[in-house]
Structure formats: C-alpha cells, structure tokens
Amino acid sequence: MGVMKRYMQFVKPYKKQIFVTVLIGIVKFSIPLALPLLLKYVVDDIIQGGGTASDKTTSLFTIMAIMFALFLILRPPVEYYRQYFAQWTASKVLYDIRAKLFDHIQKLSLRFYANTRTGEVISRVINDVEQTKDFVITGLMNIWLDMLTILIVISIMLTLDVKLTLISIVLFPLYGISVKYFYGRLRKLTRERSQALAQVQGHLHERIQGMPVIRSFAIEDHEQAQFNEKNGHFLDKAIRHTNWNAKTFAVVNTITDLAPLIVIACAGYFVINGPLTVGTMVAFVGYIDRMYNPVRRLINSSTTLTQSIASMDRVFEFIDEPYELTDKPNAIKADQIRGGVEFQNVSFQYEKDKENILHDVSLKVNRGETVALVGMSGGGKSTLVSLIPRFYDVTSGRLLIDGTDIRDYEARSLRNQVGMVLQDTFLFSETIRENIAIGKPDATLEEIIEAAKAANAHEFIMSFPEGYETRVGERGVKLSGGQKQRISIARVFLKNPPLLILDEATSALDLESEHYIQEAMDKLAKDRTTFVVAHRLSTITHADKIVVMENGTIIEIGTHDELMDYESQYKHLFTIQNLN
C-alpha cells in the first residue's frame with residue numbers, strides 16, 4: 001500500500017478530472033442496464049399481455065423508437081468523453097512521473113551510472129512508468145464503476161425477486177478466495193519479468209552502441225548467443241508469469257460461467273412451479289450477464305493492478321536511489337569564482353572499502369595558471385581533475401576554490417564555473433548550433449558563431465550544406481574526431497568559465513586536427529586557471545606547473561625546464577617520446 005499512497009501524490013492534481021470521468025462512466029454503464037427491464041416489459045406486458053396484434057405491434061415500435069433515440073443521442077458523446085478524459089488524465093500523470101524521474105536522473109552521481117546499464121534506466125522510465133498507467137484508468141476509474149454497476153444491478157434484481165438474487169450472488173465468496181490465492185505470487189512474477197526485460201534492454205542498448213566493435217572482430221555469432229541467453233531468460237520469466245496468469249483466468253472464468261447456469265436452473269424451476277413470470281426470468285438472465293461481466297472485469301483488474309503495482313515498486317525503487325552529492329542547507333552560489341584551486345591532503349576512493357585511487361595529494365594552483373598533469377596511465381590524473389567540478393566528493397582532505405571548500409558551494413553553480421574538454425567528446429543527435437549552445441542555452445546565433453570561430457570550427461561547419469543547422473547524428477557520428485573536439489571547445493568558449501579542464505583533448509587525433517585544436521585550446525586557456533591532462537608532453541612544455549603523478553600520488557612538480565635539469569621521471573618520459 002506504501003507505493004500506491006506515493007503514486008497518489010502524482011494523481012492528486014487531477015482528482016477533479018477523475019471525478020468527472022467516473023460520473024460520465026456512471027451514465028455510460030447505466031444506460032445498458034435498462035435493456036433487461038425493457039426485455040421483461042416486452043415479454044410480459046406486450047407479447048403476453050392483452051390486446052390485438054396491431055396494438056401490441058404499435059406498443060413495441062413505440063417503446064423501441066424511444067430506446068433507439070435514447071441510445072443514439074446519449075451513447076456517442078458519453079463514450080467519447082469517458083475515453084478521452086480517462087486517457088488524458090492517465091497520460092498527464094505519466095508525464096509528471098517521467099518529468100520527476102528525469103529530474104532525478106540528472107542528480108544521480110556518476111558512480112551510479114558507472115554501475116548501472118543505460119538500458120535498465122530507460123526501462124524504468126519508459127516501460128515501468130507506462131505499466132502504471134493501468135492503475136489510473138483501471139484502479140481509480142473502472143474498478144469503482146464496475147463496483148457501482150454491480151450494486152445497481154443487485155438493487156434492481158432485488159426488486160424483481162429476492163430469493164433469485166441471493167442465489168445469483170452465492171458464488172461471490174469464491175472470487176475473494178481466488179484473488180487472495182493467486183495475486184500475491186503474481187506481483188512477484190511480474191516484478192521478475194520486468195527485471196528480466198530491463199536486462200534485455202540494457203544488453204541490447206550496449207550492443208547497438210558497440211556494433212562497430214562487433215563487426216570489426218566478426219563476433220556476430222558469439223553476440224547472438226549472448227543475446228539469446230538474455231532473451232531466453234526473459235522468455236522463461238514471461239512464460240512463468242503467463243502460466244500463473246492463465247491459471248487465474250481459468251478459475252475465475254469457470255466460476256463466472258457457472259453462475260448463469262445456476263440461475264437459469266433455479267429460475268426455470270420457479271417459472272414452472274411458482275409465480276415467477278417468463279419476462280422476469282429473461283430479465284434475470286440478462287442481469288446475471290451484466291453483474292458477472294463487471295465481476296470478471298474486477299478480477300481481470302486485479303491482474304492488471306498487480307502488474308501496475310509491481311511496476312510502481314520498480315519506479316519508486318529508482319526514485320529512492322540516494323543522491324551521493326547534496327548541497328548544504330546554507331550552500332553559497334559560486335558566481336564570482338576567480339580561479340584559485342588548492343588540494344589539501346586529498347585522498348579518494350571510488351567505492352567504499354576499496355583501495356584509494358588518490359593518496360594524500362596536496363597541490364596549490366594560483367589564478368590564471370596552467371597546470372599540466374602527466375604520468376603513466378592509471379596514475380590518477382583524470383580522477384584528480386574530476387574532483388574540481390565535484391563529480392565526486394573527496395574521501396579525506398579538502399579541495400578549496402578561492403579558499404572555500406567546494407562542499408560549501410552549490411554544486412550546480414560551481415559546475416557552471418568550470419569548462420571541460422574531454423578526450424571522448426559527447427555530442428547529442430541534434431544540430432551543430434544546438435550542440436554548441438549547450439555551453440549557454442540562451443545564446444544568440446551571433447554568439448554561437450563567434451565561439452565556433454574561436455574554436456577553429458566555423459570554417460568546417462560552413463562547408464556543410466545546412467551549416468549550423470546540420471544534424472550530427474547519434475553521439476556526433478557524422479563528424480570526425482577533430483570536428484567533434486572543436487565543437488566541444490566552442491561550447492566552452494561560449495560558456496566562458498574561469499576554470500578550465502582539458503583531459504587528453506588532443507590524443508588520438510591526426511596532426512592537422514591536433515594543430516587546429518591545440519591552437520584553439522591555447523586561446524581558450526588564456527587568462528583562465530587551466531588543468532591539462534596530457535600524454536603528449538610536447539603540448540604542455542609551456543605550462544606554469546607540470547605535475548607528475550604515479551599510483552595516485554604526486555612525485556614531481558616543476559616547470560618544463562626545472563624538471564629537465566635533473567634525472568626526473570618527467571625527463572625520462574619526455575626523452576622516450578622524443579626518441580619515438
């Protein structure tokens with residue numbers, strides 16, 4: 001019941017629309033309830049009543065004309081508005097939930113995404129949220145209408161014959177027993193099926209992104225076997241769910257089909273041996289159908305609601321994923337950052353109870369300085385710079401910006417003061433203009449063009465027929481590595497932050513692209529505090545400080561000339577690269 005109560009918080013803003021939908025539904029379901037009474041009247045009062053054949057025919061066509069008019073005038077608009085309001089309300093609720101989830105997604109730590117498959121996150125936001133739609137339409141609307149229909153039908157039947165009415169509802173307790181027995185396990189099976197589907201989606205999403213690797217290594221058969229294993233696991237869970245669901249329907253529908261047989265037998269006996277009229281018997285059989293159809297729908301609704309609640313469990317399990325990084329209640333805005341950065345005895349680990357990646361790192365960087373971080377792969381360079389925009393909090397020690405611990409700043413305002421150009425540039429499948437504007441969403445086209453020119457990107461952008469409106473494809477697949485990198489640099493020019501991080505931004509590029517990008521980065525770094533993670537040491541000889549890292553610690557600090565004056569690790573690396 002806890003998840004249903006939480007779900008109702010999303011439904012609450014639309015309670016008026018739900019109330020109107022239920023009222024319209026009452027009218028919709030009430031209209032057909034007149035048909036058995038009409039049938040009784042036709043049988044008892046017209047067909048078996050007194051009068052000539054002509055009088056009976058006139059009475060029959062008169063009453064039928066009235067009923068035709070009633071159905072033609074009322075039924076279409078009632079049916080339309082009930083369906084429209086029900087679907088509109090459910091869609092709005094799902095819109096709000098997905099908006100909440102996306103807001104939540106943007107606040108989760110990078111550690112969460114490192115440990116969670118993208119496809120599984122997508123499954124929660126799309127599939128599981130969609131499954132909860134039935135709770136709104138079925139649980140909050142149809143169930144009440146079906147229950148009200150049953151009560152109205154029983155009330156009408158009681159006016160016709162009390163004894164036969166009691167016989168009609170004698171099987172009701174069996175429904176309650178069936179629901180209690182079947183639906184507890186059904187919720188568990190539904191949850192397992194949803195989890196298996198999320199695994200398939202996660203696997204599929206990853207393989208689609210890695211299709212060039214699959215093709216280049218010719219491992220299609222291996223990957224097909226891997227997918228078949230995941231898909232087979234989902235199939236197994238789906239069949240187990242279907243098997244249990246089928247048992248539920250078998251029992252429920254058998255009970256539903258027995259009820260009319262019992263009523264027909266008893267009603268026939270009462271007509272033969274008692275005062276019950278043929279018309280009343282016919283009406284009763286008609287009402288049995290109108291009573292047990294809602295009962296059947298209620299049981300089916302239990303299945304639907306069980307599946308919806310299982311999906312709610314997964315949705316709220318995701319919403320309850322804690323934030324690793326939260327702002328202090330009195331956090332200050334980082335609007336006036338000057339650019340001084342200091343690491344004070346900083347240690348860091350990605351996972352608790354795991355070995356530290358950084359060990360007691362201390363480093364002071366003055367405003368406007370360019371600091372290069374060099375060393376062998378795995379030394380902790382990228383980890384160190386990832387602490388500056390507070391993607392992670394330090395495990396111990398302090399990281400200060402302008403003398404203030406970064407945990408005292410609002411994280412979002414702090415990140416707004418940091419520009420990053422990474423080796424693996426991510427572009428969205430939108431236009432070049434929109435991708436550059438990520439640096440400043442409200443930027444004018446003129447500002448975007450100026451940023452592109454500064455990044456040496458304007459010329460190649462204008463070589464495309466659609467210029468800045470060229471769509472770059474998923475992850476920028478239509479652009480070369482150098483072109484994507486220049487778009488990334490243009491973003492930072494547009495953002496114009498006081499702090500800059502360049503993480504291996506020129507690695508794996510051809511010489512021409514590297515020349516354009518290095519020139520753009522030199523312009524970008526001017527008058528900014530800049531951290532450069534580099535493997536090509538020839539690109540950072542101008543740095544104010546060169547920091548050599550090894551196994552998560554700083555082993556050397558100095559300028560290029562200072563470090564080349566003795567047998568330093570830096571000199572060793574620089575000499576090897578120049579020899580190559």
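Each Cβ is built from the backbone N, Cα and C atoms, and glycine gets one as well.
Annotated ATP binding site per Swiss-Prot: Gly375, Met376, Ser377, Gly378, Gly379, Gly380, Lys381, Ser382, in sequence order, evidence recorded as sequence analysis. According to DSSP, Gly379 (ATP binding site) is assigned to coil rather than to any helix or strand. Neighbours of Gly379 (ATP binding site), defined as other CB atoms within 10 A of its CB across all chains, total 22.
Annotated domain 'ABC transmembrane type-1' per Swiss-Prot: 19-307, in sequence order, evidence recorded as sequence analysis.
Among the features that Swiss-Prot reports, domain 'ABC transporter' is placed at 341-576, with the record citing sequence analysis.
What Swiss-Prot records for 1-17 (among others) is topological domain 'Cytoplasmic'. Per DSSP, the secondary structure of the topological domain 'Cytoplasmic' (1-17) breaks down as 16 helix, 0 strand, 1 coil.
Here the topological domain 'Extracellular' (39-57) has a mean pLDDT of 74 out of 100. According to Swiss-Prot, the topological domain 'Extracellular' annotation covers 39-57 (among others).
Feature annotation from Swiss-Prot assigns topological domain 'Cytoplasmic' to 79-135 (among others).
The annotation topological domain 'Extracellular' is assigned in Swiss-Prot to 157-163 (among others). Each residue in the topological domain 'Extracellular' (157-163) gets a DSSP state, and the totals come to 6 helix, 0 strand, 1 coil.
The residues of the topological domain 'Cytoplasmic' (185-243), classed with DSSP into helix (H, G, I), strand (E, B) and coil, number 55 helix, 0 strand, 4 coil. Per Swiss-Prot, the feature topological domain 'Cytoplasmic' maps to 185-243 (among others).
The topological domain 'Extracellular' annotation in Swiss-Prot covers 264-268 (among others) and rests on sequence analysis.
Under the heading topological domain 'Cytoplasmic', Swiss-Prot lists 289-580 (among others), citing sequence analysis as support.
Residues or ranges marked as transmembrane segment by Swiss-Prot on the basis of sequence analysis: 18-38 (among others). Same-chain residues lying 6 or more positions outside the transmembrane segment (18-38) and placing a CB less than 8 Å from one of its CB atoms are 11, 63, 67, 70-71, 74-75, 78-79, 81-82, 85-86, 89, 136, 140-142, 144-145, 148-149, 152-153, 156, 282-284, 286-287, 290.
Feature annotation from Swiss-Prot assigns transmembrane segment to 58-78 (among others). Residues 24, 27-28, 31, 34, 38, 41-42, 46, 51 of the same chain sit 6 or more residues outside the transmembrane segment (58-78) yet have a Cβ under 8 Å from a Cβ within it.
According to Swiss-Prot, the transmembrane segment annotation covers 136-156 (among others). Same-chain residues lying 6+ beyond the ends of the transmembrane segment (136-156) with a Cβ under 8 Å from its Cβ atoms: 11, 18, 21-22, 25-26, 28-30, 33, 36-37, 86-87, 89-90, 93, 165, 168-169, 287, 290-291, 294-295, 297-298, 301, 304-305, 308.
The feature transmembrane segment is assigned by Swiss-Prot to 164-184 (among others), with sequence analysis given as support.
Swiss-Prot lists 244-263 (among others) with the feature transmembrane segment. Listed by sequence, the residues of this chain that lie at least six past the ends of the transmembrane segment (244-263) yet keep a Cβ under 8 A from its Cβ atoms are 164, 167-168, 170-171, 174-175, 178, 182-183, 185-186, 189, 284-285, 288-289, 292, 295-296, 299-300, 303.
Here Swiss-Prot flags 269-288 (among others) as transmembrane segment, drawing on sequence analysis. Sequence-distant contacts of the transmembrane segment (269-288) (same chain, six or more residues past either end, CB-CB distance under 8 Å): 33, 35-37, 39-45, 48, 153, 156-157, 160-161, 163-164, 168, 259-260, 263.
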For Lys381 (ATP binding site), nearby residues of its own chain (Cβ under 8 Å, 6 or more apart in sequence): Leu373, Val374, Gly375, Val533, Met549
Positions whose Cβ lies under 8 angstroms from the topological domain 'Extracellular' (264-268), at least six residues beyond its ends: 164, 167, 276, 280-281, 284-285
Proximal but sequence-remote residues of the same chain as Met376 (ATP binding site) (Cβ under 8 Å, at least 6 apart): Glu550
Neighbouring C-beta atoms (10 Å sphere around the C-beta of Ser382 (ATP binding site)): 17
Positions whose Cβ lies under 8 angstroms from the topological domain 'Extracellular' (39-57), at least six residues beyond its ends: 63, 160, 277-280, 282-283, 286
For the topological domain 'Extracellular' (157-163), sequence-distant contacts whose Cβ falls under 8 Å of one of its Cβ atoms, 6 or more beyond its ends: 40, 270, 276, 280, 283-284, 287, 291
Other same-chain residues whose Cβ falls within 8 Å of the Cβ centroid of Gly375, Met376, Ser377, Gly378, Gly379, Gly380, Lys381, Ser382, the recorded ATP site, in sequence order: Met549, Glu550
